[in-house]
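*Asks:* Dumping the structure here so I can ask a few things about it.
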Amino acid sequence: MVHADGSVSQTWNFLKQHGLQGFIEIWPRPTATAWKIIFVYGVFEAALQLFVPGKRIEGPISPTGNQPAYKANGMAAYFVTLVTYISLWWFGIFNPTVVYDHLGEIFSALIFGSLVFCIFLYIKGHVAPSSTDSGSSGNLIIDFYWGMELYPRIGKNFDIKVFTNCRFGMMSWAVLAVTYCIKQYEVNGKVSDSMLVNTTLMLVYVTKFFWWEAGYWNTMDIAHDRAGFYICWGCLVWVPSVYTSPGMYLVNHPVNLGTQLALYILVAGILCIYINYDCDRQRQEFRRTNGKCIVWGKAPSKIEATYTTTSGETKTSLLLTSGWWSLSRHFHYVPEILAAFFWTVPALFNHLLPYFYVVFLTILLFDRAKRDDDRCRSKYGKYWKLYCSKVPYKIIPGIH
Ligand code: NDP
C-alpha cells in the first residue's frame, strides 16, 4: 500500500531487484512510539469496558452448562471512543496522522505483542482457567491455535474475548477508518468522495456491530471458538491491518467518483449492511422469544432439535426455517461479503491489493459455513439432516 502502490507487479519487481533482504530492510520494526500508542489505546478501551455502565446480559449456555454474564456497554464505549478521538484532533491535542505515520511500526508491534499475548492465554488456560469450559486436546499446537478456554476472564468481570474481539479489534476498525480520512484531509486539504464512501460504509458497519454487540456474544466467535491464536491474534492484528486496508489504500490514492456513482455505491453498501443485520436480528429474536415472534409477516416455521450436552443433559434448540433463514443456511454471509465489496470498490480497479480483504473474507466465510455445518451436524444429528432437507443451500441460494 505504501511502498508499492498496492500493486502486486510493483511488489514483485521490488523483490526481483532487491531480493528478500530488501524486503526485510523496509519491513517496519516496533518502536517506542508504536508501543505507547497501542498501550494508551488498550488501557483506554479496557477502562471503558470495565467502568462504563451497561445492562447485565447473559450469554448462551455453554457446552458444560455455564452461562457467562456480560455488561452491555459496547455502544457507549464506541461513542466515547470516537468522540474522544475526534475531539483530540479538533482541539489540537493529538493528531491522528501520527497514528497513520507510525502504522507500519504499530502493526509490527501488534504482530509480535499479540503472539506473546496468545502464549499468555495458552499458559493461563493450563494453570488458571476461568471456568469449566476449558481443557487441553492433548496437542500443544492445537491448544495454542484453537485455544484452551472458551470464556477466559481476568478477575470476575474482565472478559478477555470481549476485549480482543470487540473493544480492541472492532473498535480499532472505526478508529483507523477515521484516521485514514483525517490523514487524506491533512495531506490534500480535502477528502475525496471515494474516501467518504469508504469511511461512511465502514463506520455504518462498525456502528451496526456495536449496536448489536450483545447479539455477537451469541455467535460462533464467542460461544463456540475458544480464545487462542486463531480468534485472538486475528482480532488483535488482522482486523486493524487487513480489515481496514481498503481505507489505508485510499489515503494516497484518492479517486474522484462523482456524486452520482458515489451515492449508488453508498446506498448499495448500506442496503447490504442492513440485510446482514436483519438476518442476525431475525435469528436472535426468534431464539429470544422461543419462536413466538413474527418473521416476514407470519409466524415462523421451525424445527425443534434436541441434543445432549457433554454432561449428559438433554436440551432443545429451535432452528428457524423461514425468513432469511429459508433462503440458505448461511445467507447472511452474502450481504456481508457484498458490503465489503462496496466499501472497497471506491478504489476502482487499478490495483489488486485493496481487494485482499474481500477475497480473504469470502474464503473465511465459506470455511466458516462448513465448520458451522459440521459442528451443528454432530450436535443435532437427524434434526440437522431434516433442516438441510428443508433448507438445502449452504450460502448462495440456488447455487451453493
Ligand atoms: P451465526 O450467527 O450464523 O451463528 C451460527 C449458529 O447459529 C450455529 O452454530 C447455530 O448455533 C445457530 N443456528 C444455525 N442455524 C440456525 C437456524 N436456522 N435457526 C436458529 N439458529 C441457528 O454465525 P456467525 O458467527 O458466523 O455470524 C454472525 C455474524 O458475524 C454474521 O453477520 C456474519 O456475517 C458476521 N461475521 C463477520 C466476520 C468478519 O470477519 N467480517 C466473520 C464471521 C462472522 P446453536 O448451536 O446455538 O444452534
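Glycine is no exception: its Cβ is also placed from the backbone N, Cα and C atoms.
Dumping what TrEMBL says about this protein:
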type	residues	note
TRANSMEM	34-54	transmembrane segment
TRANSMEM	75-94	transmembrane segment
TRANSMEM	106-123	transmembrane segment
TRANSMEM	227-245	transmembrane segment
TRANSMEM	257-277	transmembrane segment
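A description of the local structural setting of each listed feature is requested, covering burial, neighbours and distances.
*Replies:* Outside the transmembrane segment (106-123) by six or more residues, the chain places 27-31, 34-35, 37-38, 99, 143-144, 147-149, 152, 160, 227-229, 232-233, 236-237, 240-241 with a CB less than 8 A from a CB of the stretch.
Only residues 6 or more beyond the boundaries of the transmembrane segment (227-245), in the same chain, are considered here, and those with a CB under 8 A from a CB of the stretch are 1, 106-107, 110-111, 113-115, 117-118, 121-122, 125, 143-152, 160-161, 164-165, 168-170, 172-173, 176-177, 180, 202, 221, 353-354, 356-357, 360.
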*Asks:* Going along the chain, which residues at least six beyond the ends of the transmembrane segment (257-277) come within the CB cut-off of under 8 Å?
*Replies:* 193-194, 196-197, 200-201, 204-205, 208, 212, 324, 332, 335-336, 338-339, 342-343, 345-346
